[in-house]
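J.: Can you keep this structure in mind? I'll have questions shortly.
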Amino acid sequence: MFITLEGMDGSGKTTAIAKIKEALETRGFEVLFTREPGGEPVAEQIRNLILANNSQGIDGWTEALLFLAARNEHLDKVIVPALNKGIVVISDRFMDSTSAYQGNAREIGIENVDEVQRIVIGKYIPDLTIYFRLDRDEAERRMNVREEEKNRLDKETMDFKNKVSEGYEILIKNNPHRFRVVNANLSIDEVQMQTEKIILEALNNYVKK
């Protein structure tokens, strides 16, 4: 089974992954946790290029194609081999990030981006995507208290971030069968519990098929 986690930076999805790993493994599931951009040596190098502060002003299509190049390596070297072995793959970001960030926020078009994405992804569309919905003010507050240095996308304008959120809502509306939404405004423990419940239900249903 292939599960992806999506949401704005600060939504708590990365923290949720760390807490969920043990819960799933104690129930006997073999799980691979990975991330995008990155998850594989070449893809990690592309990640560094994309997020570097000196990459400011990069064209929207250039940015999208770099993400897709990283995704192609990630799929080929990590995700597909794991899925073929029956391992549950959970990725922190995947195709929907590119649709929301580059397609909608960079205004090159979700449909345009998805048309190219289909070439890269092929049949490997996630079975389940969990979206961590977070109020913009709360997202900004969380980002401002982070200790690590902000990357280029962290420093984008509020207008850009609003368009990212808008893009995600469009994707959720267009793919109701695949998306589940978590209220990320709640505490870390509550978010983790919501996420764990959704994943366990999906895995149990998947096993029964």
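Our numbering is plain: 1 for the first residue shown, then up by one each step along the chain.
Backbone N, Cα and C define each Cβ position, glycine as well.
Just lifted these from TrEMBL, have a look:
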type	residues	note
BINDING	GLY7, MET8, ASP9, GLY10, SER11, GLY12, LYS13, THR14	ATP binding site
DOMAIN	5-193	domain 'Thymidylate kinase-like'
J.: Relative to the Cβ of THR14 (ATP binding site), which residues of the same chain, six or more apart in sequence, are found under 8 Å away?
T.: ARG35, ASP92
J.: Tell me, how many other CB atoms lie within 10 A of the CB of LYS13 (ATP binding site), whichever protein chain they belong to?
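T.: Looking across every protein chain shown, the total is 24.
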J.: Inside 10 Å of the Cβ of GLY7 (ATP binding site), count up the other Cβ atoms and send me the figure.
T.: 27
J.: Quick one: mean pLDDT on the domain 'Thymidylate kinase-like' (5-193)?
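T.: Mean model confidence (pLDDT) across the domain 'Thymidylate kinase-like' (5-193) is 90.
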J.: Give the three-state DSSP assignment (helix, strand or coil) for GLY7 (ATP binding site).
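T.: Assignment for GLY7 (ATP binding site) reads strand.
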J.: For the binding-site residues GLY10, GLY12, which Cβ has the most other Cβ atoms within 10 Å, all shown protein chains included?
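T.: When each Cβ's neighbours within 10 Å are tallied, GLY12 leads.
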J.: Out of MET8, ASP9, SER11, which of these binding-site residues shows the lowest number of other CB atoms within 10 Å of its CB?
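T.: Across MET8, ASP9, SER11, these binding-site residues, the one with fewest Cβ atoms within 10 Å is ASP9.
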